[in-house]
Amino acid sequence: MRWLWPLAVSLAVILAVGLSRVSGGAPLHLGRHRAETQEQQSRSKRGTEDEEAKGVQQYVPEEWAEYPRPIHPAGLQPTKPLVATSPNPGKDGGTPDSGQELRGNLTGAPGQRLQIQNPLYPVTESSYSAYAIMLLALVVFAVGIVGNLSVMCIVWHSYYLKSAWNSILASLALWDFLVLFFCLPIVIFNEITKQRLLGDVSCRAVPFMEVSSLGVTTFSLCALGIDRFHVATSTLPKVRPIERCQSILAKLAVIWVGSMTLAVPELLLWQLAQEPAPTMGTLDSCIMKPSASLPESLYSLVMTYQNARMWWYFGCYFCLPILFTVTCQLVTWRVRGPPGRKSECRASKHEQCESQLNSTVVGLTVVYAFCTLPENVCNIVVAYLSTELTRQTLDLLGLINQFSTFFKGAITPVLLLCICRPLGQAFLDCCCCCCCEECGGASEASAANGSDNKLKTEVSSSIYFHKPRESPPLLPLGTPC
């Protein structure tokens, strides 16, 4: 039994050691629990501090001065604004270089002007399209400016060309000149550099001028068609006196005021939108979106116009002039009868002039329809298939819309100078007189001898030259060189 005593002593020692460990374990776990609760409290405190910091960030923008901001805070914002997720980019899960990456998206440093993209140099794949657009724009610009200026100057400086008919043609040339001179450079600059000249002002002014030009052309074609019908059915003398300026200006005012009134909603519909790009900073584009700051009644009217714009555009600026011109021509042909049945009281010269005027109206209508048809087709495609088209396709359709208007402004004066014999002859005389100094004396001598009688007959028989009862001596056609 003696061996039991060492065993009992050893068991007692082991039991004492175990009890001591158990008694000391509760404070250990309690200490750990207290440490965890303190850590959670400290974490919650840090979270509240972060929330307070975020609240301060929202109301005190000076703390974010080192990060990029939107260029126009009051304007349209991108769907994913470039805002850092933490006031300290290197902490709390943020990458240390996130601020530098966000700043690299802009083309210039804060406080400096944005750099303009130049796709022409160095030469890349996009440079070829940029060169093609510039070349086409230069050709259209040169032809349109020279042609429209020629028509306006010829009508203005020639005494016998100041009639309502020629004044309407000159007003067409004036609006085409304004569209080419002001709108074409802005559109081409935006297409090449993705930056908008004059910002929101040009986004509103360019559509207004283009729609006004279409309205002037539409109402001018209707007025010319009415004039042709009136001449065909009138019993008054075919040669009428030269109209006064007040009468001509009154007729032009009706056309201009009506066209500009119908184009006023374009000023309220368009606005500038800026979108961030990974390599080029911000991209400027014009979108159809009425401003939310408009009055409620005006905003609803603009929204109604936006919803009905496509069909209004198609009906008023495409179908109306074509149908009106075709109807007037058919009625005029019906009143006059077939071309083979000529009246004895009508001279051959007068028949030629009437045929020439009818050809002018028909030619203007055909050119107008040919130039506005692509624009209307693109509008219909964008209205119904915009969700299925890519951004590049939509941009291409928008460029086609713009160039169709510019083509109309460049082709119309060329057609007038080719079809209208008085305008074309005056243009050739002016070019000859300006380019060749000896042409002036020779033309005067020849006109004094043999061409005087021919000019008188053309003046008296053409509607372009309304000869008054007591007219001064005949003046040379064209502008004084």
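Glycine is no exception: its Cβ is also placed from the backbone N, Cα and C atoms.
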Per Swiss-Prot, the disulfide partner of C286, chosen from C183, C203, C371, C378: C203
Membrane-side pairing of T193 with Y305, Swiss-Prot annotation: yes
For the topological domain 'Cytoplasmic' (420-481), mean pLDDT (0 to 100): 53
The transmembrane segment (206-226) vs the transmembrane segment (362-382): 3 or more CB pairs under 8 Å: yes
Disulfide-bonded residues listed as C203, C286, least Cβ neighbours within 10 Å: C286
For the transmembrane segment (252-272), sequence-distant contacts whose Cβ falls under 8 Å of one of its Cβ atoms, 6 or more beyond its ends: 75-76, 167-168, 171, 196, 199-200, 203-205, 207-208, 211-216, 218-220, 223, 284-291, 294, 298, 301-302, 305-306, 309, 316
Outside the topological domain 'Extracellular' (383-398), six or more residues from its ends: residues with CB under 8 Å to it: 310
Per-state residue totals over the topological domain 'Extracellular' (189-205) - DSSP helix, strand, coil: 11 helix, 0 strand, 6 coil
